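Worksheet: one structure, shown below.
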Amino acid sequence: MLKKGGFVLSAGLVVLLMVALIYQIKNKYYLDILFMTFFWASLAAAWNISGGYAGQFSLGHAAYVGIGAYSTALLYINFHVSPWIGMVVGGLFSALLALFIGVITVKVRGPFYTLITIAVAELLYISAIQLKELTHGSEGVSLPFKPGWVNMTFRERETYVVLALLFVALIYFITKTMERRRIGYYLIAIRENEDAARALGVPVKEMKLLATVLSAFLTAVGGAIYAMYIMFIEPDSVLSFAFSIQPALMSIIGGLGTSLGPLIGSFVLSPLDMFLRESFSHINGLNLLIYGFLLVLFVLFWPEGLWPNAVRVYRKWRSGGVETKS
Amino acid sequence: MLLQLTVSGILLGGIYALIAVGLTLIFGVMRIVNFTHGDLVMLGMYLTYLLYKGFGLDPYISLFIVPLALFLIGVLIQKLVVQRVVGRPHEVQIFATVGLSMMLSNAVLAYFKGDYRSVQTTYSTDTIQIGPVFLGVPQIVAFGISAVITLVLFLFLKFTYTGKAIRATTQNRISATLMGIDVRRVYTMTFAIGSALAGIAAVLLMPLYPTYPSIGEAYLLIAFVVVVLGGLGSIPGALVGALIIGVVETVSAYYLGSGWKQAAYFVIFILVLIMRPQGLFGQRGAEQL
């Protein structure tokens, strides 16, 4: 195991290397794939903080993406507030909503929590369509193209890709730090056995709230970055069920409750998604059909996901065929 | 007007009851929240549409075919997926059925595209007048059939061996096993019956509403709202809950506009889960499973 300084240094080097590589890519389509891969990785990693570590299986994270995107876009076009500030405001709104959901769901568990999060996300979707004075309804909001750092608007696609990469790195760093501290152990204890954790004195309620609020904040920031990248938002693009299901799916396939799992899930699934959309554009829904199939396959047969299985295979190989417990 | 809306709402609630009863039955017996339930309704609607389009079959004749097909689909889903997740952690149960739901709705989307499909019957818009209230003929037929089916289901659960086995398993899985009940078979029967009920509801809905690939999500959420309102695992609760939600839907669609009608029952759903999580008729603690 690397020492803490060594970890930060090596992670920093990897990020720097990737930034250098990004500027070598000239093909716009590849850059788009990279952006989407990093973007989905960040949403998955953010979802994983509450879904993977705290065992709060939300299928309503689209609400946070939407709040982040809409807060940023509306503050920007109506009051000329810089998106950098807008995304923090969106993050805070999302955190508040997550706090509210967390408080009302203190007594419910498992599927009921999932259902409430779906219902809240649907409520927000309906509101975004109906409250036309605020959100322009289904017409959507177009963002003006005024390049500059203050406006978080760039001529080169590379800059967006780097931005998304740095954001993923930030969430990874937060997760990794959390894992090594008391909160990480608390959360894993809650996920494994809530009653036992409570009996041992783990502040279950507070820890769950903390994880969901953090997850919501980060998801909203991701939504803001996405809005600035596509420059046009509407309820169907930023509040769709896809934003709720895909982060969960990527975390599960990559490895639920591991720091690298969600990133690996996105690195495998996002390019696959783009490829399927590009090559089979005449077949609607093929990507989601395959996603659904993979999801069923993984939860039934490899519920730990890709990353823990890969680690196990690697350990087995290193120890010369003897299986070791991680 | 309020009387008209209430009566229409109750008729609509009759169909919702069929969907919700299936969901609550499956939950009661297997302790699984079935996220594919709405997609079973969707499949039933498409089957009804295909039978109408391909063979010119009236939806009310499909009533003898579609539920049977759904029964078999239910057996298949139970054997292939659901059986493997009984008793496993929440995330496995939730995401196995969510994944299956994605597969079903997107397979239909890939094949049929996203267009709305509907069955136009000669009686789709027929109405009769009772006192000051106008009622659609398909609505009345749907309500009547739902009521009969619910009664049959009730008698089935009360008096047949399989029905008694299902109720015994709901009460205590382990004791039921010890009494010599083949729990696995009970699971399959329950899931298949729940699916067939969704199929009946689908046929009854088809003369009234168009269908599209993602419609399952809407019916899933309605069924959940009903079940949570009535109390999870409780069949009388599901019936009462369905009628309430039916009325809420018609009344809120009239006063708030149809765009907001879903919002009304989501708010009820959230309120019920906060204030009375066991529902109107449910057992305390069921929501914590």
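Along the chain as shown, the residues are counted starting at 1.
Glycine is no exception: its Cβ is also placed from the backbone N, Cα and C atoms.
Listed features, source TrEMBL:
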- A:7-23: transmembrane segment (TRANSMEM)
- A:29-49: transmembrane segment (TRANSMEM)
- A:61-79: transmembrane segment (TRANSMEM)
- A:85-105: transmembrane segment (TRANSMEM)
- A:112-131: transmembrane segment (TRANSMEM)
- A:159-175: transmembrane segment (TRANSMEM)
- A:209-232: transmembrane segment (TRANSMEM)
- A:252-272: transmembrane segment (TRANSMEM)
- A:284-302: transmembrane segment (TRANSMEM)
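At the 8 Å Cβ cutoff, the transmembrane segment (A:85-105) and the transmembrane segment (A:209-232) share at least 3 close pairs (sequence separation 6 or more) and count as touching. Away from its own ends, the transmembrane segment (A:112-131) comes close to residues 56-63, 66-67, 70, 97, 101, 104-105, 137-138, 235, 239-241, 244 of its chain (Cβ-Cβ under 8 Å, at least six residues beyond either end).
Sequence-distant contacts of the transmembrane segment (A:252-272) (same chain, at least 6 residues past either end, Cβ-Cβ under 8 Å): 33, 36-38, 40-41, 44-45, 47-48, 51-53, 168, 172, 175-176, 179, 188, 191, 246, 287, 290-291, 294-295, 298-299, 303-309.
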